[in-house]
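Pulled from Swiss-Prot, these are the features on record:
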ACT_SITE  C383  active site, nucleophile
BINDING   S16, K190, T191, K192, P193, T194, Q195, K226  UTP binding site
BINDING   S16, D150, I151, E152, K190, T191, K192, P193, T194, Q195, K226  CTP binding site
BINDING   S17, L18, G19, K20, G21, V22, D74  ATP binding site
DOMAIN    294-546  domain 'Glutamine amidotransferase type-1'
Amino acid sequence: MNPNTKIIFVTGGVVSSLGKGVTAASLATLLESRGLNVTMMKLDPYINVDPGTMSPLQHGEVFVTEDGAETDLDLGHYERFIRNKMTQASNFTTGKVYQSVLRRERKGDYLGATIQVIPHITDEIKRRVCEGIAEDVDVAIVEIGGTVGDIESQPFLEAIRQLRIELGRNRTLFVHLTLLPYIRVAGELKTKPTQHSVKELRGIGIQADVLVCRCEKRFDDSEKRKIALFTNVDQDCIFTAEDVDTIYEVPLRYNQQGFDAKLVELLNLNTKEADLSEWQNVVNTIRSTKGEVTIAMVGKYVSLTEAYKSLNEALYNAGYKNGVKVKIKFVDSEEVNDTNVESFFNDADAILVPGGFGSRGVEGKIASIKYARENQIPFLGICLGMQLAVVEYARNVLGIQDAHSSELNPSTTNPVIGLITEWQAEDGTIHQRTHDSDLGGTMRLGGYRCVLKAGSRAREIYQADEVIERHRHRYEVNNNYVDRLEDAGLIFSGRSEDNKLMELIEIPEHKWFIACQAHPEFTSTPRYGHKLFESYIHAAVEKSNK
């Protein structure tokens with residue numbers, strides 16, 4: 001880390017899900033708009049090494065970085081808000097910290113010392129924070145997961161308390177996000193939860209420099225004075241995080257309050273004025289959308305929409321680019337079968353089957369894919385969605401009735417989808433896996449190059465000979481079936497550089513039927529969108545207009 005780099009630590013109190021990630025990303029956006037080089041980091045207090053093996057229903061989406069890290073979904077917010085890409089160093093957990101410390105203890109690196117939370121765990125946290133910030137970064141924004149008062153968060157809070165002492169006040173800043181509930185019956189905003197949250201933080205040894213109060217509406221100076229009096233935070237360092245129609249409006253609201261100007265002042269930064277014209281254009285585009293299309297998303301994690309966070313945002317972004325609002329109809333794949341399939345999609349303008357793991361709800365997804373294929377409904381399959389599209393085609397077009405994935409049915413005699421046992425990474429490294437390999441961190445992860453077939457719809461959409469998209473999978477199309485599938489009309493329009501892995505499929509005779517092994521949603525942003533999703537939504541708009 002450069003000795004001139006500033007660090008802003010963002011903590012949260014009272015309750016979870018206040019929007020720490022969006023607040024942190026918005027602050028990064030504001031500083032970036034002033035010409036600064038900004039990066040971000042998320043520290044997660046849970047003991048899992050990473051979220052890769054956690055249920056999406058518990059944790060939400062697993063966001064994959066370009067260099068192959070399985071991370072918290074907040075990193076998706078970060079990449080949608082700022083231009084810098086996140087890396088392996090941008091997210092670490094309690095589990096990863098302990099794993100590193102214990103590995104060094106086994107090697108004897110601590111020379112027989114008794115390993116303790118302080119100093120060994122806190123030192124490892126500090127090391128990862130400082131070494132994870134590149135030399136050319138002006139400001140790093142570090143979000144601490146969890147809520148102040150949680151026992152799991154204490155080592156992280158102690159570590160950043162120590163960093164404040166070691167780096168100095170001129171290089172560090174504490175921003176604390178709290179809840180300011182509005183009691184409708186009394187018609188009052190209540191400041192007591194905020195007071196207690198700041199007091200809890202002070203008990204750990206951290207005095208907040210800036211307070212961000214999440215509430216339904218902006219509060220006046222009388223509430224600010226009261227909060228300032230009881231929290232030891234200057235009145236002009238207290239800001240409102242009010243509810244907005246779209247999260248992409250948050251940077252604009254903070255800028256209107258002078259939030260970024262205050263950060264620049266407190267950190268003694270020399271910057272130009274903020275240029276938020278791109279974000280104003282994004283918000284104006286969102287507000288000016290006319291019409292609506294309905295996308296039926298068929299999955300098994302639909303009870304928690306955060307499980308598909310980046311995918312949802314990619315669809316919304318593509319809608320904005322097409323001038324329409326996207327309504328996502330979540331369909332539980334376990335409820336769909338060949339008999340009732342039509343009832344789920346009679347109001348849908350397009351169908352999407354996202355990624356997932358395990359056999360639960362698979363036949364419902366296959367029935368949905370068949371319905372889209374046979375009824376000329378625009379279809380997009382992602383990861384498992386592509387694999388099941390191949391299974392469906394093999395069963396119902398090639399007539400291979402027991403075609404399946406060896407992941408979902410190990411005893412199938414026609415495994416059109418099988419385990420990838422070997423592949424080459426972008427850096428030339430050869431990876432090998434078996435059915436007995438650990439689940440955690442053993443998939444084909446990160447950005448991989450895909451060569452697009454000349455004359456294909458995919459090449460027309462991307463307007464490129466090859467693209468890099470991010471992957472997270474361990475099963476792939478079985479190459480023994482590729483020729484038969486292509487002879488029957490299924491085109492493999494994208495392949496890995498070595499031609500061994502099938503990356504994209506399409507049906508030329510269909511109005512819009514494309515599926516990809518990668519996760520293109522991870523690179524969609526509100527400013528730039530994503531060509532594949534934009535084309536998909538355009539097809540949905542055309543169907544809607546008929």
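Placement of Cβ uses the backbone N, Cα and C atoms for every residue, glycine included.
From a predicted model like this one, the values you see are computed outputs, not experimental measurements.
Along the domain 'Glutamine amidotransferase type-1' (294-546), the predicted structure has mean pLDDT 92. Highest Cβ count within 10 Å among the binding-site residues K20, K190, K192, K226: K20.
Between K20 (ATP binding site) and Q195 (UTP binding site), the C-alpha separation comes to 18 Å. Its own atom aside, the Cβ of G21 (ATP binding site) has 24 Cβ atoms within 10 angstroms in the protein chains shown. DSSP assigns T194 (UTP binding site) to a helix in the three-state reduction. In this structure, the CA atom of P193 (UTP binding site) is 25 Å away from the CA atom of D74 (ATP binding site).
Once the Cα atoms of S16, K190, T191, K192, P193, T194, Q195, K226, the listed binders of UTP, are compared pairwise, the greatest separation found is 24 Å.
When the C-alpha distances from Q195 (UTP binding site) to the recorded positions S17, L18, V22, C383 are tabulated, the minimum falls on L18. K190 (UTP binding site) sits 16 Å from L18 (ATP binding site), counting Cα to Cα. Burial estimate for the binding-site residues (S16, S17, Q195): highest at Q195, by number of other CB atoms within 10 Å. Same-chain neighbours of the ATP site beyond S17, L18, G19, K20, G21, V22, D74, judged by a C-beta within 8 angstroms of the site's C-beta center, are, in sequence order, G12, T23, A24, H77, L177. Following the DSSP three-state reduction, the secondary structure of K20 (ATP binding site) is helix. The Cβ neighbour count for I151 (CTP binding site), using a 10 Å radius over every protein chain in view, is 8. In the shown protein chains, 19 other C-beta atoms lie within 10 A of the C-beta of L18 (ATP binding site).
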